[in-house]
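Below is one structure, written out as structure tokens; the observations come after it.
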Amino acid sequence: MTPLLRFLNRTSLVTQIVIGLLAGIALALLAPAIACDLAFLGKVFVSALKAVAPVLVFILVMASIANHRHGQETHIRPILWLYLLGTFAAAVVAVVASMLFPSHLVLSTGEATLSAPGGITEVMQNLVLSAVDNPVNALLNANFIGILTWAIGLGVALRHAGETTRTVVDDLSNGVTLIVRMVIRFAPLGIFGLVSSTLAQSGLNALLGYLHLLAVLIGCMLFVALVMNPLIVFWKIRRNPYPLTLLCLRESGITAFFTRSSAANIPVNLALSERLGLHEDTYSVSIPLGATINMAGAAITITVLTLAAVHTLGIPVDLPTAVLLSVVAAVCACGASGVAGGSLLLIPLACSLFGIPSEIAMQVVAVGFIIGVLQDSAETALNSSTDVLFTAAACLAEERRNP
């Protein structure tokens, strides 16, 4: 065995990712031209994750439900409530932070050509339409709502199939999981390419003009990740939540930060859930579900940028409106994965609460894209790490009640 292979076998994946991260930063600073060329490594890694994630979710959920035995508990309902509670709590934190540290934007005059949903009804309609999408189309376009719908439907139908059929489905699940593990082993190389090319191309100059807004956004996300989420987990498991919280941030949050895709991070979260010894019938459904509806980071982004526009325009905000904004942001965030452009394109919907015209709201969206290098990364890291955190908390709480 070569020294390189021995090193790779002895070193944990997280350590390899940190080495790739530091090497990427160093290369971007020392040789930006070479770093730009290495963007290919990052693109290949993210493309591989995005390619395998829809198939993984479809097969894994279908196999989990098809092979489910009567009497087994899956604990999905408490996890779903944790997802909704966490998203609403994040929106409340963002409202409070925006009131304490109001941000002011220099809104650009350029017209945006993006299209945003016209109301909460339209967001919910999009979710329903996504759920009844053609299964082949859902797999091709990574429509995870549609994939989950078909996987659950087929899984329920196959529960009445013969033992041989269920065994084949289970073997398919094991095969796809093996491929995913192979893809994840290339995470250090992928993150090396992503970090080096992003820093070399964008630099940090584009972010300097929006430091205050970024500080509020990132501060809210850190507060939710390190204070609010641990409080929710403590309420659930009744013991020190920080070992579990920090483990999820380290193992899931770091990769999500650089891939900037909750869907691409699903395989990472499933692998972490397996290592934690969680209930497979539970996490195989709750992790993909969390990637579509557990959007604490998106709730923060929508709330902070909307209130930044409100403060810039001098619009007064009373307490009932602030509470309503929290609810709207939480509902919008749950639908963010079903909207092209994610959380940023749902900002005009929240702005409509304050009578802000769409032209100005879309300028706020443009500001969001400018700071997206950090905002989108931090948002995805919070969203994705919370998926596995709340899943683990619910499973551990159930084990505590039924040892």
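Think of each number as a place in line: the chain as shown, counted from 1.
Just so you know, glycine gets a Cβ as well, placed from its N, Cα and C.
Given the structure is predicted, the values throughout are model-derived calculations rather than measurements.
For 14-34 (among others), the entry in Swiss-Prot reads transmembrane segment, with the evidence type sequence analysis.
Per Swiss-Prot, the feature transmembrane segment maps to 45-65 (among others); the stated evidence is sequence analysis.
According to Swiss-Prot, the feature transmembrane segment maps to 79-99 (among others), an assignment based on sequence analysis. Here the transmembrane segment (79-99) has Cβ contacts under 8 Å with residues 216, 219-220, 223-224, 228-229, 232, 236, 282, 286, 289-290, 293-297, 299-300, 302-304, 307-308, 311, 317, 322-323, 325-327, 329-330, 333-334, 382, 386-387, 390-391, 393-394 of the same chain, all six or more residues outside its ends.
Below 8 angstroms of C-beta separation, residues 50, 53-55, 57-66, 68, 127, 130-132, 165-166, 169, 263, 285, 288-289, 291-292, 337-338 of the same chain, each at least six residues beyond the ends of the transmembrane segment (138-158), sit close to that stretch. According to Swiss-Prot, the transmembrane segment annotation covers 138-158 (among others).
What Swiss-Prot records for 175-195 (among others) is transmembrane segment, and it gives sequence analysis as the kind of evidence.
The annotation transmembrane segment is assigned in Swiss-Prot to 214-234 (among others). For the transmembrane segment (214-234), same-chain residues at least 6 beyond its ends with a Cβ under 8 Å from one of its own Cβ atoms are 82, 85-86, 89-90, 93-94, 97-98, 101, 103, 207, 240-242, 244-245, 249, 253, 296-297, 300-301, 304-305, 308, 371, 374-375, 378-379, 381-382, 385-386, 389-390, 393.
Annotation comment: Swiss-Prot describes 295-315 (among others) as transmembrane segment.
According to Swiss-Prot, the transmembrane segment annotation covers 327-347 (among others), on the basis of sequence analysis.
If you look up Swiss-Prot, you'll see 353-373 (among others) marked as transmembrane segment.
Outside the transmembrane segment (14-34), and at least 6 residues removed from its termini, the chain residues within Cβ reach (under 8 Å) are 8, 187-200, 250-251, 254-255, 258. Taking Cβ pairs closer than 8 Å, the transmembrane segment (175-195) reaches residues 13, 16-17, 19-21, 23-25, 27-28, 38-46, 48-49, 52, 55-56, 59-60, 255, 258-259, 267-268, 270-271 in its own chain, all 6 or more past its ends. Counting only same-chain residues 6+ beyond the ends of the transmembrane segment (295-315), those with a CB under 8 A from a CB of the stretch are 86-91, 93-95, 97-99, 102-105, 107, 213, 216-217, 220-221, 224, 229, 325-326, 329-330, 332-334, 336-337, 342-344, 346-347, 350-351, 353-356, 360-361, 364-365, 367-368, 375, 378-383, 386.
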